[in-house]
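Asker: Sharing the feature lines straight out of TrEMBL:
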REGION    1-60  region 'Disordered'
COMPBIAS  15-25  compositional bias 'Polar residues'
COMPBIAS  33-52  compositional bias 'Low complexity'
REGION    75-109  region 'Disordered'
COMPBIAS  82-109  compositional bias 'Polar residues'
DOMAIN    107-158  domain 'Amino acid permease N-terminal'
DOMAIN    199-701  domain 'Amino acid permease/ SLC12A'
TRANSMEM  200-220  transmembrane segment
TRANSMEM  226-256  transmembrane segment
TRANSMEM  277-297  transmembrane segment
TRANSMEM  317-336  transmembrane segment
TRANSMEM  345-366  transmembrane segment
TRANSMEM  396-414  transmembrane segment
TRANSMEM  426-445  transmembrane segment
TRANSMEM  508-531  transmembrane segment
TRANSMEM  564-584  transmembrane segment
TRANSMEM  590-607  transmembrane segment
TRANSMEM  619-637  transmembrane segment
DOMAIN    710-1113  domain 'SLC12A transporter C-terminal'
Amino acid sequence: MSSPSGQKPALKTAGSGQSRFQVTEVTELGPVTSGERTSGGTDGTTGTTGSKGSAGGEESKGRFSVVKFLDSGGIGTDASDVAQNGDTVRSTGSHRSSASGHTNISDTHSNTYYMRTFGHNTIDAVPNIDFYRQTEAPLGDKLIRPTLSELHDELDKEPLDEDGFPIGEESTLAEEAAAKEGTKEQTKGGTIKFGWVKGVLVRCMLNIWGVMLFIRMSWIVGQAGIGLTCVIILMATVVTTITGLSTSAIATNGFVRGGGAYYLISRSLGPEFGGSIGLIFAFANAVAVAMYVVGFAETVVEMLNDVDALMTDELNDVRIVGTLTVILLLGISVAGMEWEAKAQIVLLVILLAAIFNYFIGTVITMESKEPKGFFGYKAAIMMENMGPDFRDGETFFSMFAIFFPAATGILAGANISGDLTDPQSAIPKGTLLAILITGITYVAVTVSTGSCILRDATGDHNDTSSVSDLNCTDAACTLGYDFSICKEGGCKFGLMNDFQVMSLVSGFGPLITAGIFSATLSSALASLVSAPKVFQALCKDNIYPGLHVFAKGYGKNNEPLRGYVLTFCIGLAFILIAELNVIAPIISNFFLASYALINFSVFHASLANSPGWRPSFKYFNKWVSLAGAVLCCAVMFVVNWWAALMTNIIVLALYVYVSYKKPDVNWGSSTQALIYNHALTHCLLLTGVEDHVKNFRPQCLVMTGYPNARPALLHLVNAFTKNVGLMVCGHVRTVSRRPNFKEMSLDHARYQRWLLKNHIKAFYTPVFAEDLRHGAQYLLQATGLGRLKPNTLVMGFKNNWSDGEMKDVEMYINIIHDAFDLQHGVVIIRLQEGLDISHIQDPDELLSSHEKKDAGMKDVVVSVNMVGKDSEDSNSFPPSLITSAQNSPLILRETKRSAKPLSLTDQRLLEASQQFKKKQCKGTVDVWWLFDDGGLALLIPYLLTEKKKWKDCKIRLFIGGKINRIDHDRRAMAALLSKFRIDFSAIYVLGDINTKPKKHNVLSFEEMIEPYKLKEDDMEQEAAERLKAEEPWRISDNELELYRAKTNRQIRLNELLKEHSNSAKLIVMSMPLARKGTVSSALYMCWLETLSKDLPPILLVRGNHQSVLTFYS
């Protein structure tokens, strides 16, 4: 069918439970005439007429054609117009009949509703850049390729509506994204983007060429000499060049968004480093605005002072001029990036003119300037100024500390990465070229000033000398002047005495002043733009939740107006202080900390060897980057040791804060890659070392089912495995039909996240199996990696065993036998109230407020890949809660409905399920170590009482013995525990353990086993054997008599447990063993039931009879 011409289709998409495409049975036609042929409609179906009665209809049964594949690049346009990367491409779709009589559809473009590949009717998509865009990219720019399930799963037949969609389906976000596509493209059209020259090169040069160039460079040359000054420049350039190479490597390893240094560091090292450095980097840029503006204001005030035009006094005039200047700069910034860029170009022209003006002045010698120390290029002056002449306590490192801030500013271009046309190309070219040009400029100024100007001059024309004077030892004397009086001090001219000497040398002095203005204002403007951009990117990531208000952008360029205001306020505050001598070193150290982390990011990413680390910029080396990071740290302490210390403390404090908050972001940082590398390496190293008893750890496979279904089991095992051993939450999901692996993968992600959220250090491992025993066998055999695999099986006691089918009991007991066969220890946990709370509706809601936050909220998985409508599990999610918008499962929040009142039994069960989550008050952990299983029954309570929640509980030990040897046995056990270094509060030797149990308890046991007896005496032998084969769990009379003593022991032990341990917080007891194939499941289950009934929480423990304790060092 087709829609009216020019009318856009009212598209519908597959709902949560269905794929993004649907399949409908079609009839293939024989050759059709032009009159019978209709063009493909906008609903994506092949229009046919008169096909119902064709012979081809019978032949085509079972054939399918795909209709309505929805993607964000094609939705919202006519079927023949397809959006591709923002451009509309005309698609030439047509029907043509093949010689075989099959109707085919051809198209010159691949991105259509049909998603044809190489001319065939298939949804398998060809490679496309839009499939690889990040999920946080605008929805209209991201296409979602067909999932593996859509290509691989069985086809679903559903009745379709008139548009070719399943009946009752609703539209999804993809359609809304397409609707916004046009608006977004129009907005993009007006966005101002900069190339590498205007965006990076100009900004970096303006930021690097600071006021230092004009008023401090000549003084540094006078102090350190030409040679050492060139060394200082070279050292600073080495640091900035290495950092520039590292910046280029990170910037070319994928698409770079706005945020500059913060974005580069956070996406490489993660939110902890990125969040800490982003905050101080934004703050440093904001305060740098004040630094540069005050530098400008001081120059203006000096000029006013020279003409006696001060408004009040010098300090307040600096504040007034500075305030007016920063307001003007704010106006330029808020006007938009285009105006700011134009202002930068004007300032660059003035700055270049001032530099050229100086160099022109060096070759124009004037006699009037000679008394002030300027003679033009003279070899004698150059040789005299080649070496250092440190005065007033200055040193090489103090000179380096003064110069280095003049080399910073290399990130000015990267800081506006979001406003660059092609950041990957612009940042490397612009940054490295700016470092080269500015470095050459600094060296040229160093050599020229050192070759033209004397260190000291009086400025007096009368201080001349005769060239023929034999006592001439300095350059001034050879040039006919005698400035020896300057050695006593008091001279005002020359490199050492006149900061404005470059104005003297230049061809036109006022232009140097204009250059100083340009240098300060351009640096201030660059910082005023950088700080809000970096801060906005930081706030958008919501690493510091309280700052999210500054993430909002305005206008077509998404300008951070709120960030501008905040930067203005911070800058104004420091301008009004007008005392920046203390804060200036901290700012330099903040920048250096950023450089150090950028270098370290490259080293870290290279060291992690992640396949995703593929920078297109190849001129870097991880060891050079590491050296750069070390150099930056060293320079921090050279510049100012206390500022470096303070910077490190601030970075560390912010790092700890972000680490504690654990922001919910995943940027694929190199930290994750390195953790994986280390984990893999150490796992492999462990496999090469045999286990040793001193290093034994209980590594538990806990049969929890869903982790939140049995909280008591989970919390108790977590208490003695946390930070000690491995814990795996095993879940066997039994299926009668085909397993739903999609749903299981969703559950796996959901419950693993639930474990992390609840600070339980465990892994969730679900498996599909035909029954519980097979699933447990799979888990016991396959769970783990190398040495990191379970050695102990932990299960809950089967409280309802007598109410269910005995085949379930048989399966339960066989799991215990399987664990022993695989040399695992076994722990069975019993609470009289039970463990499983999954039948209670919304159990989390019923917890008290101090135990559960947000009780009215429930986690709901939002699937990336669709969950099929034929989901088999009873607790699968409703289709309305499942969508296909991302590549990873998320957890949304859904308000719960009010729960029904609980029965008294369920209330007790719920309270009991939380008892191990709380801190245990003073009490005892009673250990009944009756049989030596290797020491597991003693190790578990020891580990438990070492934990904070159990530290108030003391261990009491109960052992079996003879009445006439009680003292001896007690002393022997005390000596053993002392050698094991395990503290205990008391040891009890049970001399009456072999006493016959009370008669009524024996009768109770007889009543319990009565339904499970074979009763072979009441039937023929053949019938008895047949029944035993069919129901192997039945208890024969012979078996009962054979194990009468063992049965009586379990009854007697229960009596002793009630007598001695009825008030214990926890009982840990040696679990009785049953010989496989001899003791029936029913009898063994009755033993366990009899032993553990009507008691406090009890652990039945049996190790694998290999030592887990040792007293050897």
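Cβ atoms are placed via backbone N, Cα and C, with glycine included.
Can you tell me where each of these features sits in this structure?
Answerer: Mean pLDDT, taken over the domain 'Amino acid permease/ SLC12A' (199-701), works out to 83 on the 0 to 100 scale.
Beyond the ends of the transmembrane segment (200-220), by six or more residues, the same chain brings 194, 229, 232, 292, 295, 299, 344-345, 347-348, 351, 354-355, 399, 402-403, 405-410, 412-414, 416, 420, 426-427, 429-431, 433-435, 437-438, 441-442, 445-446, 449, 453, 495-496, 498-503, 512, 515-516, 519-520, 522-523, 526-527 to within a C-beta distance below 8 angstroms of the stretch.
Outside the transmembrane segment (277-297) by six or more residues, the chain places 210-211, 259-262, 265-266, 317-319, 321-322, 325-326, 329, 415, 516-517, 520-521, 523-524, 527-528, 530-532, 534-535, 537-538, 543-544, 566-567, 570-575, 578, 580, 583-584, 586-587, 590-591, 593-594, 597, 647, 650-651, 654 with a CB less than 8 A from a CB of the stretch.
Long-range contacts of the transmembrane segment (396-414) within the same chain: residues 196, 199-201, 203-204, 206-208, 210, 212-213, 216-217, 220, 223-224, 228-229, 232-233, 235-237, 239-240, 243-244, 247, 251, 260-261, 264, 388, 390, 420, 423, 426-427, 430-431, 434-435, 438, 442, 523, 526, 530, 584, 588, 591-592, 594-595, 635, 638-640, each at least 6 residues beyond the stretch ends and with a Cβ under 8 Å from a Cβ of the stretch.
Here the transmembrane segment (426-445) has long-range neighbours at 194-197, 199-201, 203-205, 208-209, 213, 217-218, 230, 233, 237, 240-241, 244-245, 247-248, 251-252, 256, 355, 358-359, 406-407, 410-411, 413-414, 417, 420, 617, meaning same-chain residues at least 6 beyond its ends whose C-beta is under 8 angstroms from one of its own.
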Asker: Could you tell me what the rest of the chain brings near the transmembrane segment (317-336), counting residues at least six beyond its ends with Cβ under 8 Å?
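Answerer: Counting only partners 6 or more residues beyond its ends, the transmembrane segment (317-336) has Cβ contacts under 8 Å with 192, 289-290, 293-294, 296-298, 300-301, 304, 310-311, 343, 521, 524-525, 528-529, 532, 555, 557, 559, 561, 564, 568, 571-572, 575-576, 578.
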